[in-house]
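Trainee: Below: one structure in structure tokens.
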């Protein structure tokens, strides 16, 4: 019995419980499968679903945009999502450890880490601004409702001010003439915009003019990082419990805002702008490019987060089912958010007497200017504002949890000893402190310029290149037959033929198309009327290249250190899976991953389950049977 207990503990299984033998006690697993699905939904469904997709849909032909969007989801989004989940789950390793599959391409994992670092730095700054607006909404009157504040200019004209002016009995004002109407609609500066630019940001005139650090934003940034750290203090054990709230409550808020929005006058007009199909645009390459890009970036492919989250699954979990559920949920959320956004914007446009296109916006302009201004028109506006920004906070935190866990897991898996596993909380704390310090410049008066620079360059074409190389490495260097056999070994069935075709041919072509589209459609970055200087654009390109350059640099490093008399031998050895590639737990290492026993009758050994020490020695002595050249399972 004692031997049996030792064996169970070493294999990461609960002793004497066959049903729980799938558990990895050393590294940890999700408490249950719902935690993984909710965490992945929280990771994939982020701020972009609310502030980017609805505007893209409206700009690219309304309902007609849905057609290329769902085509790209089926042929690129879901297959890539399934590939990354199965990749991480099979090896039970983060974005670095999985590259035992082909050590020469471990630089792809480092590239994912660099991308996640950039996104994690600026993403939490967006969350901290949402925190600031959330706290600012705890007043009887929203501070961006009127133009009577110290930070407002003479050009300020709010929608509520305009209504008061129109209904004023002061004869000095007289009737509202055409020029005044233009001032209140087409040429006005809204109080929400002045609050955003002149009070929250105190925006400087140039990206190089940092000015002062905005202490209220700095405090909110500290709050953001403390919340993220506390939720990840025990890794997936704690974050898996938090996501029951952070991943579900945004849908409650979306539904509340949707019900309120569709009951407003003008909401139908706004929704029609969002959905009315313009079928002529479906022939434009830009529409297809935007659809492919939105699917790719929205699902979080090539960030490393999907691999990391799946690595905490049990080995036999049905990640094929999960990938379909999570991908469809993500896209359905984007469509649903469009109704919420455009119903309110339609109401605002109706109130102003202008076209919906005049008030439609995306990105920070939608989240912190247009939508907050529309909320001032509603009764009990502070309540709706609190709900909206609380939803943004939760959407951001769901993604931020996974970004931080990706970095921490990569470090812990790479070191891999007992000491680092016990000190994982301190690793999480160190990464959180570093993220906070690196985010401090983004809370300065020039912070929004740098935030948008990182958003446009740090996670743009580099993600496409990383994803393309990952797809080609798995399908053509490791071998599609080997990978399909791995999935059959893990799930009990091979990937469906449709996914096999997508992985081998369709998805790489679409990824390449996205890359070409990104290059062709490139325009120098601007923020409103501000043109970024050349040196700032150069820094942006350096950030983009810093993740991609990891791939050739590590490949050269691996070629130099691997054994081989000729270049071809070195290349072959560098791309051959390492001996520890495969399932993490010994009981799952069957077929071509089984240890080479080399037992003969002369050894005097019975054919029985291996003693842990012998299993350990045999695993270390494996001489190639775990390599993919043996195609049989």
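Backbone N, Cα and C atoms are what each Cβ position is placed from, and that goes for glycine too.
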Trainee: Examine the ranges 425-451, 560-586, 587-613 and name the one recorded by TrEMBL as transmembrane segment.
Mentor: 425-451
Trainee: Run through the Cβ atoms and count how many others sit within 10 Å of the one on residue 49 (Na(+) 2 binding site).
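Mentor: Other Cβ atoms within 10 Å of residue 49 (Na(+) 2 binding site): 24.
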Trainee: Can we call the transmembrane segment (248-275) and the transmembrane segment (324-349) in contact, meaning three or more C-beta pairs below 8 angstroms at a sequence separation of 6+?
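Mentor: In contact, yes.
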Trainee: Which chain neighbours of the Na(+) 1 site, leaving out 42, 45, 298, 330, 395, have a Cβ atom within 8 Å of the mean position of the site's Cβ atoms?
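Mentor: Checked against the 8 Å cutoff, the neighbours are 41, 43, 44, 46, 48, 49, 333, 398, 399.
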Trainee: Roughly how many angstrom lie between the C-alpha atoms of residue 156 (disulfide bond) and residue 44 (Na(+) 2 binding site)?
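Mentor: About 38 Å separates the two Cα atoms.
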Trainee: So which of 36-54, 66-87, 324-349, 383-404, 457-478 has the most C-beta pairs under 8 Å when paired with the transmembrane segment (425-451)?
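Mentor: Answer is 383-404, with the largest number of Cβ pairs below 8 Å.
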Trainee: Please identify the stretch among 66-87, 295-312, 324-349, 498-520 with the greatest number of Cβ pairs below 8 Å relative to the transmembrane segment (457-478).
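Mentor: Out of the listed stretches, 498-520 contacts the transmembrane segment (457-478) most.
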